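Below is one structure, written out as structure tokens; the observations come after it.
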Amino acid sequence: MTTRTNRGRRGALWIRKAASVTGTVAVTFLGLLIVTFLIGRVVPVDPVLSVVGDRATQAQYDAAYRALGLDKPLVEQFWIWLLKVFQGDFGNSFLTTRPIAVDIARVFPATLELATVSIVIGTVIGIPMGVWAAVNQGRWIDHVVRVVGLIGYSAPVFWLGLMGLLLLYFKLDLVSGPGRVDITYEYDFTPKTGLFLIDTAMQGAWGAFGNVVSHIILPASLLGYLSLAYISRMTRSFMLNELSQEYITTARVKGVPEWRIIWVQAMRNAAVPLVTVIALSYANLLEGSVLTETVFAWPGLGLYLTNSLQNADMNAVLGGTLVIGAIFVGLNMVSDLLYTLLDARTRKR
Amino acid sequence: MYQRRLLASTALCALMLGATPVATFAETPPDTLVQAWSIDDIISLDPAEIFEFTASEIAGNTYETLITYDPKNVSDVFGKAADSWTVSEDGMTISFTMKADRTFASGNPITAEDAVFSLVRAVKLNKSPAFIIGQLGITPENADEMIVQTGDMTFDFKMDKAYSPSLALYCLTATVASVVDKKLAMEHEANGDFGYEWLKTNYAGSGPFIIKDWRPNEAVILERNENYSGEAAPMARVIYRHIPETSSQRLLLAKGDIDIARNLTAEDIAALKDDANIKIESGVKGSLYYLGMSQKNEYLSKPQVRQAMKYLVDYDAIANTIMSGKVKVHQAFLPEGFLGAYNENPFTLDIEKAKALLAEAGLADGFTVTMDTRNTPEITAMAQAMQQTMAQAGITLEIIPGDGKQTLTKYRARSHDIYIGRWGPDFQDPHTNSSTFAYNPDNSDEATSKPLAWRNAWDIPELTASTDAAMLESDPDKRAEMYIADQKKVMEEGPFVIYAQEIEVLGERANVNGVIVGPSFNDNNFSKVTK
């Protein structure tokens, strides 16, 4: 009887929690879309010009103006758009003439692939660097890590990209140049997922795989470096906090090996806030980095959205905003979930 | 101990991530021409809608117009899909005969039915370039009666007036007059759109290449048309890669990963000049760089101020230093190469003369004025040069930087003081520029026709009448004289400081031969290119 009551209570709790999460997400999305929609309408760019060009007659201009629904009140325009979205129709981009969903499905994998490799690089190098700096607080290693981080924070990504290309691509021939894959390999595989590393590997096109790796490594290292700067600084700070705790002193007194104290005991606790740091870095990368995408001719979400916004292609901008919103909400949920897995205290709440 | 282990593991991670295959693929396939270009201006692949630089060039290589001209000598007009034509005695009908035994890429034969369909659909769809045919008196309502098939391979093209024959013929060399495969387009028709929705991203032409794929902001892939009725192109593929950053284009070209770079800056060109593997190819284009001065501005509306502004631009510095090799000085509204183009450049930088003119206008102490400036490096550099020279005469030029669409929006709304712009002709007849720089039938804010003269609020009934008269003049010599007179008038009195004509510059790998750089973008041709 008691068990059933507990179960019922737990079920109701879950339903309430799910409803609250859904409500929060819905309000977040609606707010996001309203703001984006309004920004799109106050941008001093005439979207009709992007459709009809500079030479159109007034009649052609007026026809396009009506076709875009711009003659209707702003609230009505938004409402019409929202209704269509609920029916799964995000409209067409008037720049690429294709459905927004098709466009995003084309550009997002490029960004996803780049962001994922970048965050892996940033995390795998950034965390040990941060730990190393924390363990050697105040010594030269700590200073080196700080300088490395500072450069990552402050150097313009555009400049770093061009210098990287000049040195590693042009002079040393260690990596491939801008683009995702060389023309020679472009026809060796069929893009199915849009993630070229996976597509080439799954289809056994190893020559193309190597080429894709040699193309992605430089922009990913660059973006990875920017994440690394942040992750290493935050890791250092979290670790310093943990290493000053009493349980660490106790462990040392008990003779626990130093590597175990750092990597198992201190890290287990430092990892909790680190999850949020990494999730946020990843979300930022998934928005697409316009400058990196420009220098490396990477046809990703950042370039797509910037181009759309500059041309007041609002369907595309709103569609992209939804995707970015979904990424942030999704990654927040994942990091919340990881919190409960990593931190026993949150489970009890 | 743990430190050493930590160091080793960190180094190993870095090594693993850095261990990439050595990339030495610096060569494009021998049968493929790879170009780097900023291709984000493409919004449609339908010839009835194409009006942008990149898409025009693609259409020029994949579609055939009814008639065409020699890019090296534009007065040499000849048939492409059409075999011959005759002009009726009243000058109001052109009768065309199509070339026999020619096919579209689909294998369908090219007939007069296709030509009539293509012209009528362009007029009825009424997209931006439709006016090129429409200005000959053909409207969506009368198109079926004006463009009439008279036999399997013949049709009549009627006009509402006896326009200058060269005007009518040059209009039919424009992309909008490309011959579209009727059968294929109509197979994809929806809601009476003549296949428009489908053709925006697909292909139904007969040129030396076919459009295989367009991936927006990524690439356009052309493939050799195996059913081409002319001489087959040596290249099996022409690939346009979207590389927006010019420095990246330069690195790719120098490395041999692309064959042609299309957006090199003057700085890039200078740096590549000494590279034995690179050659620089150029061609004079019809585009003009100019300043548009709004006559709604109290200072700029004074004739002496308009004159003074023309003496406050350092033409030589712009052509030879800032844009080094990418423009030449040109000051008339008809670009060099056009019938009646006036190629004298009477204005030079002359601060004293400008000061005297300003004093005459009662503005000896100068004035302040804004200039809407597109935020590209080259336009910005030119604007800054003008800011300096104008300051020497006491004029404070405030540069308002903005994105291209943003500045254009303001310009079209007539809310600018000065707009620094670029204007490309729509076809090779002088009427194209005359009808915008020297034509303004209604200067009111509610006008339906909004040429450049309107945008700058320049009310010119006499020049408007002169432009109308010149388009009807059938004698080429007389017509040229009329245009020269109009150009001189605009040069002296107009609100335009026309200062340069564009030269298109391509950086090519040394082994690339046969590229034709024509006066307009749809004349750029790659069908004879070898590597």
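The backbone N, Cα and C atoms fix where each Cβ goes, glycine too.
The transmembrane segment feature in TrEMBL is assigned to A:21-43 (among others).
Look at TrEMBL and you will find A:108-339 tagged as domain 'ABC transmembrane type-1'.
Residues 141-142, 145-146, 148, 197, 216-217, 219-240, 243, 262-263, 267, 274, 278, 281-282, 285-286, 292, 298, 300 of the same chain lie 6 or more positions beyond the ends of the transmembrane segment (A:114-135) yet place their CB under 8 Å from a CB of it. Marked as transmembrane segment by TrEMBL: A:114-135 (among others).
Annotation comment: TrEMBL describes A:147-170 (among others) as transmembrane segment.
Annotation comment: TrEMBL describes A:212-231 (among others) as transmembrane segment. Using a Cβ-Cβ cut-off under 8 Å and counting only residues 6 or more beyond its ends in the same chain, the transmembrane segment (A:212-231) has close neighbours at 113-115, 117-123, 125-127, 129-130, 148-153, 157, 160-161, 164-165, 168-169, 175-177, 179-182, 185, 196-197, 200, 274, 277-278, 281-282, 284-285, 289, 292, 295-296, 298.
Feature annotation from TrEMBL assigns transmembrane segment to A:270-298 (among others).
According to TrEMBL, the transmembrane segment annotation covers A:318-342 (among others). Nonlocal intrachain contacts for the transmembrane segment (A:318-342), taken as residues 6+ away from its ends with a CB within less than 8 angstroms of a stretch CB, comprise 21, 25, 28-29, 32-33, 36-37, 40, 81, 85, 90-91, 93, 100-101, 103-104, 108, 268, 271-272, 275-276, 279-280, 282-283, 286-287, 301, 304-305, 308.
Sequence-remote contacts of a segment are chain residues at least 6 beyond its ends whose Cβ falls under 8 Å from one of its Cβ atoms, and for the transmembrane segment (A:270-298) they are 107, 110-112, 114-116, 118-119, 122-123, 127, 156-158, 161-162, 165, 178-180, 218-219, 222-223, 227, 230-231, 234-235, 238-239, 241-242, 304-306, 324, 327-328, 331-332, 334-335, 338-339, 342-343.
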